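Here's the structure we're looking at; comments come further down.
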Amino acid sequence: MQIVKPNWVMHEDDKRNPQTIYSVHVHPDGTRLATGSIQNVVKIWSTAPILDREAEAKGEENFPRLLCRMEGHDGAVLCVRWTYSGGFLATGSDDSIIMVWLRCPGQSKSFGAKTTNIEDWKPFKRLAGHTSDVSGLAWSHDDQYLASVGLDNLVLVWDCLDSAFILLRRLDLHQGHVNGVTWDPVGQYLATQSDDRTVKIWRTTDWKLEADITDPFIASPRSFFRRLSWSPDGAHLVSPNAMNGPVFVSAVIDRNNWTSNISLVGHENVVEVAAYNPQLFLREKNLPGNGFNLCAALALGARNSISVWLTNCSIPLVVLHDVFDRDILDLSWANDGITLYACSSEGRVAVLVIEELQSIVAIAPAEAKKEYHATYAFTKPDRRQQSQALSASNGSRYASPMPYIEPYKPGISSQQPATSSLTATLSRPSDSLLAQQEMTIMPNGKRRIKPVFLGANETFLFSTTQANRYATPSAQNPLIQTSHSNRLLEFNSQASLIQPQSLPGFLNSPMTLSSSPFGLGKLIHWDTNNSWGDPVEVPDFLTKTVGEKEHKLQIDCRNLQESLNEKKQQSSETKLFSVDPKKLIWNKTLQGRRVVAVAATLLHVALGCNDKTLWIFNRSGRRSIPLVLMDGPCVKLHFREHMLMAISSIGTLNIWNLKECKAMGPPIRLSDLDSAKRSISFSALTGSGSPVIGLKNGSMYTYDRDLLSWVLLVDGLTDSPKTPSVLEQLKFVDGLSLSLDAAMVLCSKSQLEACLTDHARKLKDERVFAGAEELCKELWTGCWSGLSSQASSSGKLELSKEDRLKLLYKVIQIFCDSNEFQSIVQEYSILLKHSQQT
């Protein structure tokens, strides 16, 4: 075993005194180490000089130690955590803010710093949701979620799918400071530990409480951190700061019944940190990796001691005392399975290389872990079902906005030629860009030229020139040779430039449009002077013809009034004919009732009677659904494919899905829309089952089942021209928001695309930066009330991720020629390109 405690890994004050390091976490590739301290600063270190004495002796020029110094928090950094993919670093601080950092190409220099950062890590997202110190962070094992806990007693779950980082859930059942959080590697649960002396287990399917564990913590003292950890096989949860009588222990909680029958004993003081090794091990190297032959390793940290355990042993493998002079605050295992990093409030970092593990047990293959997880019979929900084009290639991993970050490889001197040198091709701006420049001659004779953004060495999505995928050296463009310390992380060649040619797949292809421009289908016009509740006139004869040519059907309804035993008996006779040739298909007589409304398709016939009943037959004459009793006789019946809309004389509107034999929602009152029946001009039914009502004043409404309210599509009180055409009414809408609502509710992708592009041009012309940024964010994340990417019963337009990205691409094209929006253009151009690559 080796214990390394480098004296240069520290966060020093102005007098070079080390300051408390609250958190430490090693990168998944093992080449970087992140630390957070009381100084409000996050530092990223190279692990090569820490682990290799020879590399450390070669000096900073060949093996840089500090890779990046990041400032952005206004308080002490209490937790740092890398994603399992290594693309992001999340940091939590006592300023109640979570920062998500992303590696950018090139180098950087912090304001006021004397040295240049070897790597350039920039804030990608700033997450504000806590109201007090953020004491713990944890990424789910598929990087789709980020959980944060704090001293405000809250547990926040952030949705990181597609790098959205949207607040998904707020869990507030803890009654004390929450200072520990960890994810189940299977993906079924989330565990949190709090000063209220409980460990709570939350289900990830509905975010409800699964278990509340209190027994091991009834007499536990208070501590600043309670960093619990879940075993890599998912079977056990180790929680620090537990008590077994008067003894300080760590409780091992069984997944099957959420009880703790095992305690890890050996520390003389409060255990604040537990950390499982990410690898599973084989007890017997020559046996297969089944459940019995698997074991795990974990480390516990107390005031000044560290213990390392194997789950197949009842005593610790090793206990180290006096590693630090003060409390141990965080532990982190490297993926090699033998390297353990620890930090302390004394301001130092220690590294334990436990090579003895390899002589006792062997690392199990990755397939063994997957096979063991499969035994839990839990399947993660597919959150990409609506992104058909992208889901096949993305899998369960989120679409990272930047390419894979290669491991840090120090050791190349500045005199050595780079093995993969960078090339740069200089080109003259196109004539079209130069022609866009505007020159104004001032009264004093000076010329003022409006600058045109040329891309700052970036060829974005909208360039019309063909660029080589790989630049080649030439006499005019010599190779630029740099030392490894200047390039450190090489992004793959596809990440440097964004070309329209690099996005041929889906962004340049048109959206799949609906067959009908607005999906309204046939309009049912109203011509009545009656009011709601007035008696319904009973016609003597009703007829309806549907279909065309040889598939044409005719429905004839004759209302009869016969005298029977000196009493008038009401009845109706309905016949269904095929027109060509003339042939009776079925004949129905409804005794005691008369038909007042009829509607039909080639599959169904609907009859509304004066006794408030609604009869629906299929083509063979059998009832499609049971007899329906409405609150009044039907005055309007309207079919749209397998959906039927019925409006009663009282003003109640019902819609049924005959294919699934269920209602599309609760009954809707037309009287809430307008008290006068005579004011209605037409009614219609969209392809998604939403009713559309047009009034004679030119207004159009639909019912939003999510809002449980009528919503305005077209405002008849504006100065828009009053034409009988619904399309013309929508075309001349005064107000873009109304057009967007109409396009969404009426399921028109073409209208939505036109409205969004008009809206984007308006934002550009009026230079509304915040609105442009919000629009792009909503299109990228899909978190917009209008854009539904999941199946919904509300009848709104459903957009897949592919359609959203196509719309975002068109919006960015509009913004690209505006100087004010170049930061938006650059950000989303990169995101669009790499979402297509992944």
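Placed from the backbone N, Cα and C atoms, the Cβ positions cover glycine too.
Mean predicted confidence for the domain 'CAF1B/HIR1 beta-propeller' (20-355): the pLDDT average there is 91. The feature domain 'CAF1B/HIR1 beta-propeller' is assigned by TrEMBL to 20-355.
According to TrEMBL, the domain 'Protein HIRA-like C-terminal' annotation covers 621-716. Note on the domain 'Protein HIRA-like C-terminal' (621-716): DSSP counts are 6 helix, 48 strand, 42 coil.
Through the fold, the repeat 'WD' (14-46) approaches residues 63-86, 89, 91, 93, 95, 99, 101, 119, 121, 329-336, 339, 341-349, 407-410 of its own chain, all at least 6 residues removed from its boundaries and within a Cβ separation under 8 Å. Marked as repeat 'WD' by TrEMBL: 14-46 (among others).
Taken from TrEMBL, the feature repeat 'WD' covers 70-101 (among others).
Annotation comment: TrEMBL describes 127-159 (among others) as repeat 'WD'. Helix, strand and coil residue tallies for the repeat 'WD' (127-159), in that order: 0 helix, 19 strand, 14 coil [DSSP].
Among the features that TrEMBL reports, repeat 'WD' is placed at 171-202 (among others).
Long-range contacts of the repeat 'WD' (70-101) within the same chain: residues 20, 22-29, 34-44, 110-111, 121-139, 141-143, 146, 148, 150, 152, 158, 163, 165, 330, 397, 400, 402, 404-405, each at least 6 residues beyond the stretch ends and with a Cβ under 8 Å from a Cβ of the stretch.
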